[in-house]
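Inspection log for the structure reproduced underneath, given as structure tokens.
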Amino acid sequence: MLASCHITSLSGILLLLCVQCSAQILINPCGDVPGVRGPCSANLRRFTFAYGRCVPFYYGGCLGTRNRFDSFVECERRCLGGPCNQTPGVVGRCYAAIPRYTYVPFPINSCVSFTYGGCEGNDNNFEDVNVCFNLCVFRRG
């Protein structure tokens, strides 16, 4: 996300606030310290990016770091990038039986079929095996 600042005066304070605001938005939250609960006492289930993957933790409701996401999918989208870098074969919590394809990087570097539940999965979920191969396998070599 890119912020824009509208300066209506040449005040040094406004300019400083603008620069600080833009810098905070451009810094990737995935690099912040993971899983910081904070000093408050709520038990909010959130996700944090740690050791190359998104994991759940309980957030206290205040302070902490920006490495905190409301959902697993949001964490993966922000921290892992495109669909080929996301966890393969996430079924989700629903019970539909939808045939899909997912990219598995290691150890096979290939697209395989899986059954998607119909909700909450992630973007490593393709309706067409050819799209999966073209996007994930052939581009990576």
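Backbone N, Cα and C atoms are what each Cβ position is placed from, and that goes for glycine too.
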CYS111: disulphide-bonded cysteine as recorded in Swiss-Prot, out of CYS84, CYS132, CYS136: CYS132
Member of CYS30, CYS40, CYS79, CYS84 annotated by Swiss-Prot as disulfide partner of CYS62: CYS40
CYS75: disulphide-bonded cysteine as recorded in Swiss-Prot, out of CYS30, CYS54, CYS119: CYS54
Of the candidates CYS30, CYS119, CYS136, the one sharing a disulfide with CYS94 in Swiss-Prot: CYS119
Distance check against CYS75 (disulfide bond) for the disulfide-bonded residues CYS30, CYS94, CYS111, CYS132, keeping those with Cα within 10 Å: CYS30
Intrachain C-beta neighbours of CYS30 (disulfide bond), sequence separation six or more, cut-off 8 angstroms: PHE49, ASN67, ARG78, CYS79
